[in-house]
Every structure is written in structure tokens, then in C-alpha cells.
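Novice: Questions regarding the structure given below will be posed in turn.
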Amino acid sequence: MMGAADKAELGFEEEDDMAAGTPPPARKMQSLDFEHIGSLAAVAESLSPRSKWRMTLRSIRIVIFQAKINVLLPFGPLAITLHYLSGNHQGWVFLFSLVGITPLAERLGYATEQLACYTGPTIGGLLNATFGNATEMIISIYALKNGMIRVVQQSLLGSILSNMLLVLGCAFFAGGLAHPNRDQVFNKASAVVNSGLLLMAVLGLMFPAVLHFTHSEAHYGKSEVSLSRFSSCIMLVAYASYLFFQLKSQRSLYSPIGEEEESTEDEEDEKEIAQGEAISWLFVLTIWISILSGYLVDAIQGASESLNMPLAFISVILLPIVGNAAEHASAIMFAMKNKLDITLGVAIGSSTQISMFVIPFCVVIGWMMGEEMDLNFQLFETATLFITVLVVAFMLQEGTSNYFKGFMLILCYLIVAASFFVHVDPKSTGDNK
């Protein structure tokens, strides 16, 4: 008897298939080859220059022309034009720069959300907080380069207050109205850890201020700066440990509630641009924000005088509202979708990142630049931050949110804003520090 292998070698297998009325395997392979060639042709078409241009134009349409807030984009070039015109236009340059940065910050948040769709919710929340704070970091570095240390301190403090009271309050309020019949639930363990880190940040800011105002420095004018630099290094180590603890060591403990129940179809629907396109847009938007931030910082002092508005109010209230446009939009959107853990990751996570990373980072950068940037934020600002952290910590301790809690946080922010409007910074009349 001849085996199947022998038949295959002698070519009898095809004759047996023909006798049985079935097509030979060679023809099957031929049809499969045609399908394979067709798929390769589709891939080649997607990689062609024409297809790349089509994808680029589609990305520009989605990011630039689809968002209604982008009607404010022309204010950026207009601010730059006014800056180089003769005459005192500092107030208008500041306002136009402020308005021009707003859509850029919002689009930066959108590109971050698109990138987060490819990374998962935990890393996505970290990306939202990081790139959401890119605007504040850029403005701070420009101001620090110009020796405007008080502007750096007050704008970063204002960003923390804005995220914790205004952004989180609006998110809780909008989420509560979208889900009026029940409290929304979030991961209480993550909120408690963030509250602890914020209290540690208050600790780091409080001791240099107390040391200064009690006149108990061992070396007057130097101990305060040295303590600030040492505390900043400790805070950076603490934040790095927190990232490792959250993302690696105890990742399951801090995963969003109901994460395993979320369908991948919703995530696919949210993906509007490719991962590479999102990274490219982050790069482009960050550069454009950097350019406008330079003109914004240059016009702050003149705007304070021409608009007859306290510099502290501009730094603590106006600048952070623009810088937090991305967090504001995304936090409200996630709260209305009942994704409170991502909302907290954006709002509270952003405050934690500014207090434990951005502020100490600015102290270290100022150290390298030769600027005596310290953690002495003055008693008024430090007390405001301390009370704000306590209020928010009490609001988060139950692990639930509703529209009333959000409304209370918004009212607290209005009180803080009014306080800074009538507050005269004791250092603004002397030097820039």
C-alpha cells in the first residue's frame, strides 16, 4: 500500500482530490495567496504618501477645526503683534495671551486624553495630570528666568487651589446633576493617599514660612533657602516613591472601581486620532504654549498696573484658570460619564503633582539658575492652602460625591478668590521675591 506521504511525493494526491470532487490544495493555496496579496495591497495603500496626507488632514480637522473653543486661537498671534507695536499695550497683550492660551491648554488636554486611550486608566490619569500641568510649568520657568519668584509661587499655589476647589467642585456638581438620584462612588484609598501627600506638601511649605516670621533662623536669609532646597529634594523623592507605589507595587489597590466591567468598545469609540498623532500634537501644542507664555509673563507687571488689579489676584486666580482649562474640561466630562476615579486622578492628582513635584522642581531649577526660589509662600498663602487641603480631605473621606459637595467647593473657591482680590502681597512692593 502507498501511504499519504508517498502519494504526495508522486503527485497522486491532486488526482485523488479530483476523483473525490474536491479542489486540489494547490488551488486552495492559490486563493489564499490572492487574499494575502489583497491585504498587503491595503497595507501598502495605507503607507502611501497620499494616505499619509489624508490622515494628517483628518487629524488637523479633528484637533483644530472640530473644537468650537478654537475660535479663540487668533488671539495668540494678535497678542504677539500688539507686543511689538509702539505704545503701552501691556494690559491688552496680557489679556489676549491669556485668551489665546486657553484653547491651546484645552486641546493639550484633548491630545492627552487620546493618548491615554492607548495606555489604560491609571497611566492615563497620570498623563492627564502631567500634560495638564505643562502650561503651569512653562509659565513658571519663564517667570523664574525673569526673576519673578513671587509670580512663580503664587501661580503654582493658585493652580493647586483651582484644581482642588474649582475644578473638583465643578466636576462633582456636574456629575451630581447628571446622576441626581444617587451618590457617585470613587476609590477612597487613592483619595486618602493623595490627601496625605497634600498635607506633606503643606508641611514642607509651612516650616520655611514659620522659620522666617519667627526670626529663628540660624543664618538669617540663608537657613530659609537651605531648608527649602533640602525639603524640595525630600518631596521629589516622596513623589517618585508614590508613583512607584501606585503604578507598580500596589497597582491593583488603586485601579478604578468597576474597571473590569468597562467594555473595550467604549474605549475604541473614544479613539479619534492615532497614538503617533496624539504624541505629535502634544509636541506642537507645548511649543506654541511656550511661545505665548513668554509674552504673557512679560506683560504681567504692566497688566497689573494698567488694569488696576492686584498682582496676587492675577497670579493666584487668573493664570491658573487658564492653565487648568484642560483639567477643567476633562474632569467634568469624566464625572458626567460616572468615571469619578479618573476625575480625581485629574483634579486631585494634578494638585498632588504640582505640590510634590512642580514646586520642588522649580526650587531646584532656581537653584541651578542662581535664583533663590524657596518654599516660603508667606503666611497668608500657606494658611489658605492648609485650610483648603483640610476642607477637600473631609469632602473625600467618605468615598462618595454629589452635586451639593461640588457646590460647596465652588463657594469656597469664590471666598478664596475674593480674599486674594483684596490682598496686598507684602513682597510685591519691595523686590520680585
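Glycine is no exception: its Cβ is also placed from the backbone N, Cα and C atoms.
Curation plays no part in TrEMBL annotations; they are all automatic predictions.
Since the structure is predicted, the reported quantities are computational estimates derived from the model, not experimental observations.
The following feature annotations were taken from TrEMBL:
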DOMAIN    92-247  domain 'Sodium/calcium exchanger membrane region'
DOMAIN    279-420  domain 'Sodium/calcium exchanger membrane region'
TRANSMEM  62-85  transmembrane segment
TRANSMEM  91-110  transmembrane segment
TRANSMEM  122-144  transmembrane segment
TRANSMEM  156-179  transmembrane segment
TRANSMEM  191-214  transmembrane segment
TRANSMEM  226-245  transmembrane segment
TRANSMEM  278-297  transmembrane segment
TRANSMEM  309-335  transmembrane segment
TRANSMEM  342-369  transmembrane segment
TRANSMEM  375-396  transmembrane segment
TRANSMEM  403-424  transmembrane segment
Novice: In the same chain, who gets a Cβ under 8 Å from the transmembrane segment (62-85) while lying at least 6 residues past its ends?
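Specialist: Sequence-distant neighbours of the transmembrane segment (62-85): 92-93, 96-97, 99-104, 106-107, 110-111, 272-273, 281, 288, 291-292, 295-296, 298-299.
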Novice: Let me spell it out: take the transmembrane segment (403-424), skip the flanking residues so only those 6+ beyond its ends count, and list any with a Cβ under 8 Å from a Cβ in it.
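Specialist: Residues 158, 161-162, 164-166, 168-177, 180, 310, 312-313, 316-317, 380, 384, 388, 391-392, 395.
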Novice: Who are the long-range neighbours of the transmembrane segment (342-369) in its own chain, taking Cβ under 8 Å and residues 6 or more past its ends?
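Specialist: Sequence-distant neighbours of the transmembrane segment (342-369): 121-122, 124-126, 128-130, 132-133, 136-137, 140-141, 144-145, 149, 152, 156, 159-160, 163-164, 167-168, 171, 175, 186-187, 190-191, 194-195, 197-198, 200-202, 204-205, 228-229, 231-233, 235-236, 238-239, 242, 256, 324, 327, 330-331, 334-335, 375, 392, 396.
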Novice: Under DSSP, the domain 'Sodium/calcium exchanger membrane region' (279-420) has how many residues in helix, strand and coil?
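Specialist: Summed by class, the stretch gives 120 helix, 2 strand, 20 coil.
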Novice: Given pairs 6 or more apart, does the transmembrane segment (375-396) have at least three Cβ pairs under 8 Å with the transmembrane segment (191-214)?
Specialist: yes
Novice: Of the stretches 91-110, 156-179, 191-214, 226-245, 309-335, which racks up the most C-beta pairs under 8 Å with the transmembrane segment (278-297)?
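Specialist: Comparing 91-110, 156-179, 191-214, 226-245, 309-335: 91-110 has the most Cβ pairs near the transmembrane segment (278-297).
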Novice: Where else in the chain does the transmembrane segment (91-110) make close Cβ contacts, counting only residues six or more beyond its ends and a cut-off under 8 Å?
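Specialist: Tertiary neighbours of the transmembrane segment (91-110) are 63-64, 67, 69-79, 82-83, 128, 131-132, 134-135, 281-282, 285-286, 288-289, 292-293, 295-296, 298-300, 302-303, 306-307, 314, 318-319, 322-327, 329-330.
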Novice: What stretch in 191-214, 226-245, 309-335 has the biggest tally of Cβ pairs under 8 Å against the transmembrane segment (156-179)?
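Specialist: Result: 309-335.
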